[in-house]
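Visitor: Straight out of Swiss-Prot:
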type	residues	note
BINDING	HIS29, HIS84, ASP167, HIS171	Mn(2+) binding site
Amino acid sequence: MPYPFKLPELGYPYEALEPHIDARTMEIHHQKHHGAYVTNLNAALEKYPYLQGAEVETLLRHLTALPADIQAAVRNNGGGHLNHSLFWRLLTPGGAKEPVGELKKAIDEQFGGFAALKEKLTQAAMGRFGSGWAWLVKDPFGKLHVISTANQDNPVMGGFAPIVGIDVWEHAYYLKYQNRRADYLQAIWNVLNWDVAEEIYKGA
């Protein structure tokens, strides 16, 4: 939905991902961090009514066409809103814990199986210095790739469709895992919902 953007409801309680992701982290991450991205994105667009009918993906794809004074705010906060909206969907409790359907077939063909994809995504996440995301994305020709982006940059800015995103900002894990990013990444495989990923893949 376009402006005014709203913080999406999770659809599940903050404690639903315990013990892998703790309830306090989920609450702060959703209400405070994601909430701030939504507030700041709306503030950036407030004085530009002609942009208020655009979806956030469109704004991010065409950043350089936006007024110079809001480009950074839209990049950071629009990206943060889009990234987290996908992330919460992928963490929906239940569902398959490994790829299914058409996405499974594509992963098997292009990566040699789920284990190889997990290794690549984990490497991308561990290799991202500072804050950012690791992604499984689809290019315009249907091929899958593993990439990482800095800060809140979203793959749509590079012409990719995000399928799975893993948040490696410290706010995603620090209360429980402190500086142990590797432990967080090991845990997150227990809560990713691959039925949701399949829906996203088929719609991308």
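Including glycine, each Cβ sits where the backbone N, Cα and C put it.
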Visitor: With the Mn(2+) site defined by HIS29, HIS84, ASP167, HIS171, which remaining residues of that chain have Cβ atoms positioned within 8 Å of the Cβ centroid?
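Guide: These residues sit around the Mn(2+) site: HIS30, HIS33, HIS34, PHE87, TRP169, ALA172.
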Visitor: Which Cβ among the binding-site residues (HIS29, HIS84, HIS171) has the fewest C-beta neighbours inside 10 Å?
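Guide: Looking at the binding-site residues HIS29, HIS84, HIS171, the Cβ with the fewest others within 10 Å is that of HIS171.
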Visitor: Including all protein chains displayed, how many Cβ atoms other than that of ASP167 (Mn(2+) binding site) lie within 10 Å of its Cβ?
Guide: 25
Visitor: Return one of helix, strand or coil for ASP167 (Mn(2+) binding site), based on DSSP.
Guide: strand
